[in-house]
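Visitor: Next up is a structure, given as structure tokens.
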Amino acid sequence: MNMFSSCMITALVILTLPIIMSSTKLYKNKLYPYYVKTATSYAFMISMIPTMMFIYSGQETIFSNWHWMTIQTMKLSMSFKLNYFSMIFVPVALFVTWSIMEFSMWYMHSDPYINRFFKYLLLFLITMMVLVTANNMFQLFIGWEGVGIMSFLLIGWWYGRTDANTAALQAVLYNRIGDVGFIMTMAWFLLNLNTWDLQQIFITTNDNFNLPLLGLLLAATGKSAQFGLHPWLPSAMEGPTPVSALLHSSTMVVAGVFLLIRFHPLMEHNQTIQTLTLCLGAITTLFTAICALTQNDIKEIVSFSTSSQLGLMMVTIGINQPYLAFLHICTHAFCKAMLFMCSGSVIHSLNDEQDIRKMGGLFKVLPFTTTSLIIGSLALTGMPFLTGFYSKDLIIESANTSNTNAWALLITLVATSLTAAYSTRIMFFALLGQPRFSPMILINENNPLLINSIKRLLIGSVFAGYIISHSITPTTIPQMTMPHYLKMTALAVTILGFILALELNLTTQGLKFNYPSNYFKFSSLLGYYPTIMHRLTPKTSLTISQKSASMLLDSIWLENILPKSISYFQMKSSTLISNQKGLIKLYFLSFMLTMILSLLILNYHE
């Protein structure tokens, strides 16, 4: 057992070596990215030892060996929880990151600050490892905030671009909203249970956990880009493609779902929170799938697809299947990271062109990338015996056989069908058909850094689902029995999506709209959500502020109180006081009459 924990710690410590190295002269070395990639690959290989031990023994462990501080009666110590979730997630994250780092060496080779880029990627990976192995909420919060700040730095990597800066700020602001929920939960546990240790929280028999669980759901909504706090994820595509592949597909965005999986002992008997999670996930998965249908930017489509899959994971947690949600996290990481890397390969080859309308015919010039992209898309849609099938098929079956909300189930099935539709659209427009890009572009994918990294994830996208689902069973799962039509639902829905997408792609190629349809506008403008939230709300508040500040105060009160009131009172008083009308003849006549009368009176008086 000592070997189990020490191997795991060794794997995590190896990752910190290049960070320490960055304070020496080696940081200026051109080989620094290579050191980082090698450290990650060694960490992955060493982390496989405890994972294999765990698979065969099934023994979870917690070790707490560094007392940090005591707050009144609560002891804060650094403790790691190596259970099913962290033991499987760590090797998956390390494997995906290793491939992405190798890909980055090709993609970012001309960047002058490539060493800093690799250091950021590694720091992100370390904070992610802290998050998944944490045994108390404080340590989990450190990892949670760590991935948030690294996300900000990496999205805004090209800080000379306004869009990148805006997207980075947007990601931070949306995540702050989620963090409010996390901090509220931490405060509740501190006040009511006087502990942040996960074991102590789980063994308490407090019936009313609604408030902290709502806080956790808000935190997960922010981090995992669920409906309401979702716009930051598509905007995050402004970052370099390796960042999109690592943070916004396989690791960081699943942190919110991972948080709910960690706290599932509190959620499993709470009907209210489960229903909320189910409905939120169902709305997200459908809404983002609809948005993905009409996008033209290849990275935007893949990012909306990520958001849709996160919604599906939330649905799985909502039907009380945390282990299944976790399996989907692991299988999704492989195919989604590969999809982003293939997109990056296409974008780089076409001189940074991201519009799928300006691609086409790439299967002839980029055969390896095309093959990988098609296999990744099929794995994502749940093609039988590829990675995605093992989790996605089970999720649909579990939803079909559980006493769930019929509305949520229906829209989840529709979203699953749409997954096939937008995946077909990418394949159809970007890879097949006639070339629509400039013939002057030189295309070359024969770089070992690119080929090897995608190849590893390609193998993962084919076999990982089978390996993870068959060699690692959390508990003895009883064999499910269900009618044939229910068993085939997931597959039927996916095939329906494929057929519809192909039919629509082929029939609408020559069609031209005289005016855009409202449905099309709804999808391409992302359901008007950014327009309303990012434009209408600030504009309304600014207009009201301006009206109250300038119109109400300046134009009305200040003018009326001082200049206008003074002149008004002056005019009134002068009008009242002076009866001078300027009639000289009349005044002279009255003066003469008065004089004559007075003289006459004086004369007669004598």
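Just so it is clear, glycine is given a Cβ too, placed from its N, Cα and C backbone atoms.
Annotated transmembrane segment per Swiss-Prot: 1-21, 43-63, 87-107, 140-160, 171-191, 201-221, 241-261, 365-385, 409-429, 457-477, 488-508, 582-602 (among others), in sequence order.
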Visitor: With a Cβ cut-off under 8 Å, give me the same-chain residues at least six positions beyond the ends of the transmembrane segment (582-602) that come close to it.
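Guide: Contacts with the transmembrane segment (582-602): none.
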Visitor: Taking a Cβ cut-off under 8 Å, which residues six or more beyond the ends of the transmembrane segment (488-508) line up next to it in the same chain?
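Guide: Non-local partners: 381-384, 392-393, 395-397, 400, 413, 416-425, 428-429.
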Visitor: Who are the chain neighbours of the transmembrane segment (241-261) in space, where the CB to CB distance is under 8 Å and they lie at least 6 residues beyond its ends?
Guide: 85, 89, 92-93, 96-97, 100-101, 103-104, 107-108, 121, 124-125, 128, 131-132, 140, 144, 147, 150-151, 154-155, 157, 178, 182, 216-217, 219-226, 233, 267, 277, 299, 302-303, 306, 310, 313-314, 317, 322, 325-326, 329, 332-334, 336-337, 339-341, 343-344, 347-348
Visitor: Do any residues of this chain, six or more beyond the ends of the transmembrane segment (365-385), have a C-beta under 8 angstroms from a C-beta of it, and if so which?
Guide: 305, 309, 331-332, 334-336, 338-339, 341-343, 345-346, 349, 392-393, 416, 419-420, 423-424, 426-427, 430-431, 443, 445, 451, 454, 457-458, 461-462, 465-466, 490-491, 494, 497-498
Visitor: Hey, which bits of the same chain come close to the transmembrane segment (43-63), Cβ under 8 Å, at least six residues off its ends?
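Guide: 1, 3-5, 7-8, 10-12, 14-15, 79-84, 87-88, 90-91, 94-95, 98, 135, 199, 471-472.
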